[in-house]
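Asker: When I checked TrEMBL for this same protein, it listed these features:
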type     : residues : note
REGION   : 1-74     : region 'Disordered'
COMPBIAS : 10-22    : compositional bias 'Low complexity'
COMPBIAS : 25-34    : compositional bias 'Basic and acidic residues'
TRANSMEM : 113-136  : transmembrane segment
DOMAIN   : 115-682  : domain 'Major facilitator superfamily (MFS) profile'
TRANSMEM : 156-174  : transmembrane segment
TRANSMEM : 181-198  : transmembrane segment
TRANSMEM : 204-228  : transmembrane segment
TRANSMEM : 240-262  : transmembrane segment
TRANSMEM : 282-301  : transmembrane segment
TRANSMEM : 395-415  : transmembrane segment
TRANSMEM : 540-563  : transmembrane segment
TRANSMEM : 570-590  : transmembrane segment
TRANSMEM : 596-617  : transmembrane segment
TRANSMEM : 629-652  : transmembrane segment
TRANSMEM : 658-678  : transmembrane segment
Amino acid sequence: GGREANQVAGDYRYQDGNYDGYYRGGDEPAHEEDAQSDVTEGHDEDDEVYEGEYQGIPHPDDIKEKQKKRAPAVADEYRDRADLMAERMEDEEQLAHQYENIIEECGHGRFQWTLFFVLGLALMADGVEVFVVGFVLPSAEKDMCLSSSNKGMLGLIVYLGMMVGAVVLGGLADKLGRKKCLMISLAINAAFAFLSSFVQGYGFFLFCRLISGLGIGGALPIVFAYFSEFLSREKRGEHLSWLCMFWMIGGIFASAMAWSIIPHYGWGFSMGTKYHFHSWRVFVLVCSLPCIASLVALKFMPESPRFLLEIGKHDEAWMILKQVHDTNMRAKGEPERVFTVSYIKTPKQVDEFIEIQSSTGTWYQRWLVRITTTFKQVWDNVLYCLTAQYRMNTLMLAVVWFTMALSYYGLIVWFPDMIRYLQEEAYESRVKIFDEEEVSHFTFNFTLENQIHRNGEYRNDKFIGMKFKEVRFEDSLFEECYFEDVTSSETFFENCTIISTVFYNTDIYEHKFINCRVINSTFLKEKEGCHLDFEEDNDFLIYLVSFLGSLSVLPGNIISALLMDKIGRIKMIGGSMLISAVCCFFLFFGNSESAMIGWQCLFCGASIAAWNALDVITVELYPTDKRATAFGILNGLCKFGAILGNSIFASFVGITKVVPILLASSALVGGGLLALRLPETREQVLM
């Protein structure tokens, strides 16, 4: 204390006959230009330092500011939650309009296009995932000895994973952040898709595809919520529609890779007799590349500033928006343009996450509380989408999403199945029938295909190094014959008599003998496992159908992107669904492969505009802190519709075309008419 008094006493200066300094005696006015000590000399007026700061004395203005900040926090404890929520809603409305102005100031340029391609790769990975299982099923069912029920489960398990992933990861994106949850989503998909290409057992492969689908299912709602928060109102509908093109590119990529990789049986390796890495596994591996590329590129992109503002992180959001502004201005050749925003409104934080101190409880107790708290908040968001304010919009959107998915995914599976059925009908019409033939002492060393042999007699014949494809022996006799190194597909012996015959290294198993008498016959060294037959299973026409179906949505994508902000989201959804319903009726006239392919392309091209508009309106109808959650719920319902559509439509293949066509048409008409009741959002700022 004494030292400080001496310091003050020593700081007197004599100026124009007046003593002036930190301490002034008397009532004489002080001269501002002489009011600086040696300590503060050289500082500007705006940067002037309070002298008491060097003695540990707080500035009076700082005390007042702290009191102002502390007062509302104390008062909030005694305020009604409804009042706090009302204040937050008011803050959010102010933020929505201010944020729109900020995004317009930042412009649309290099930053948005970079993010466009990064998120496009994630959307491409989603498109690839839908097609992968369908392409590998013919080969996988042979490689892993799949029954019909197992094959059906493998086709549906991906949609089941996507359904769960969309709801869970979409909800988490509103609490943990867009970028973080999207990276988690892509990492899960990449890891398990990569792993699924190496596993040999059906159960483990099924599990890997389930978790892989769960990962990529969360990507779709996050991608659209993430990208929309960097777009201005005038650009949002158009550029979200352009982003949808990457789903089409994913389908084209999967079709092209399947076409070029799977038929090449030599593109693989074997390790002993148990481990086989066939070409279809190479295809699964290649299909994980878009996801990996997006995951790596996303590492260099920032979090959504709109999300950061919602959780009160003003400074981080401001820095990201400045980065967006500066990146776009440099690309436009205007680096001197200054980001003029200094303060952005942040909503009142009502439900803040309470971080548990490291000294409280054990580590797993802390993590358990964090996880349960986060999921409770996600569940609250789910329930919020059904509150009075959003209930009607949510229910109408749910019906539109579901009817669109039921008809679209059902028909997408039905088209290839119908083409296969038409091919099988044409194949069966060319069957060759041999009656009462007698063959003895003859060696068969060539392929027998699409034949029926009735009442034949085969004595002392040899069947060596040959294939049976779609061959049926009925009421025939085999006596003292020899089968060696024979492979067969869809080949059966019915009501036959087998006497003194040897089967060596063949796959003619017991179940292929139907009501047969086997006398003194020997089965030696039967072939183990299942065997691929690429000539039969890899039908190039199926790859071509998927390729053309994916490519056919290109005109619809372009038209929807150019017109989305001109005619509006509602007219786009309703018009597209009604046109698609009309296309379904013409399927009654599809009695050939070429006709089915043509109507499939027309249907896909007409329906894509509805998908794009649904993505856009779902993003715009919900506030930022509920956006990904709502999108995830609706997209999860969409995948449930896909599961039902696949199951229902596939069951009518070869039975009738009436039920699938009428079901798809009525669903599209109902959903399209209901969509016209939704509110238009093209003039709306993002809340």
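Glycine too: its Cβ is placed from the backbone N, Cα and C atoms.
For the listed features, I'd like the structural context: burial, neighbours, distances.
Answerer: Here the transmembrane segment (113-136) has long-range neighbours at 154-155, 157-158, 162, 182, 185-186, 189, 193, 209, 212-213, 216, 219-220, 223, 226-227, 230, 239, 242-251, 253-255, 258, 262, 280, 283-284, 287-288, 290-291, 293-294, 297-298, 301, 413, 416, 543, 546, 550, meaning same-chain residues at least 6 beyond its ends whose C-beta is under 8 angstroms from one of its own.
Sequence-distant contacts of the transmembrane segment (181-198) (same chain, six or more residues past either end, CB-CB distance under 8 Å): 122, 125, 129, 132, 165, 169, 172-173, 205, 208-209, 211-219, 222-223, 226, 277, 281-282, 284-285, 287-288, 291-292, 294-295, 298-299, 628.
Beyond its flanks by at least six residues, the transmembrane segment (204-228) meets 115-116, 119, 122-123, 125-126, 129, 133, 140, 144, 153-154, 157-166, 168-170, 172-173, 178-179, 181-182, 184-193, 195-196, 236, 239-240, 243, 291, 304, 615, 618-620, 627-628, 631-632, 635-636, 639, 686 of its own chain at Cβ-Cβ distances under 8 Å.
Cβ atoms under 8 Å from those of the transmembrane segment (240-262) belong to residues 116, 119-121, 123-132, 135-136, 139, 223-224, 227-228, 231, 279-280, 282-283, 286-287, 290, 534, 538, 540, 543-544, 546-547, 549-551, 553-554, 557, 560-561, 564, 608, 611-613, 615-616, 619 of the same chain, restricted to positions at least 6 beyond its ends.
Here the transmembrane segment (282-301) has long-range neighbours at 114-115, 117-119, 121-122, 124-125, 128-129, 132, 135-136, 179, 182-183, 186-187, 189-190, 193-194, 196-197, 216, 250, 253-254, 257-258, 261-262, 267-268, meaning same-chain residues at least 6 beyond its ends whose C-beta is under 8 angstroms from one of its own.
Within its own chain, the transmembrane segment (395-415) has Cβ neighbours under 8 Å at 134, 155, 159, 545, 549, 573, 577, 580, 584, 596-597, 600, 603-604, 607, 610-611, 614, 617-618, 621, 633-635, 637-642, 644-646, 648-650, 652-653, 660, 663-665, 667-668, 670-671, 674-675, 677-678, counting only residues six or more beyond its boundaries.
Listed as Cβ neighbours of the transmembrane segment (540-563) (distance under 8 Å, sequence separation of 6 or more from its ends, same chain) are residues 127, 131, 134-135, 238-239, 241-242, 244-245, 248, 251-252, 254-256, 258-259, 263, 412, 415-416, 419-420, 423, 572, 576, 593, 597, 600-602, 604-609, 612-613.
Within its own chain, the transmembrane segment (570-590) has Cβ neighbours under 8 Å at 400, 403-404, 407, 411, 418, 556, 560, 563-564, 596, 598-599, 602-603, 606-610, 612-614, 617, 657, 661, 664-666, 668-669, 671-673, 675-676, 678-680, counting only residues six or more beyond its boundaries.
Counting same-chain residues at least six beyond the ends of the transmembrane segment (596-617), those with a Cβ under 8 angstroms from any Cβ of the stretch are 224, 236-237, 240-241, 244, 248, 397, 400-401, 404, 408, 411-412, 415, 418-419, 422, 544-545, 548-557, 559-561, 564, 569-570, 572-573, 575-577, 579-580, 583-584, 586-587, 590, 672, 675, 678, 681.
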Asker: Pop the mean pLDDT for the domain 'Major facilitator superfamily (MFS) profile' (115-682) in here, whole number is fine.
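Answerer: Overall, the domain 'Major facilitator superfamily (MFS) profile' (115-682) comes to a mean pLDDT of 83.
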Asker: What parts of the chain pack near the transmembrane segment (658-678), using Cβ distances under 8 Å and only residues at least 6 beyond its ends?
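Answerer: Hits for the transmembrane segment (658-678): 393, 396-397, 399-400, 402-404, 406-407, 410-411, 414, 569-571, 573-578, 580-581, 584-585, 587-588, 610, 617, 621, 648-649, 652.
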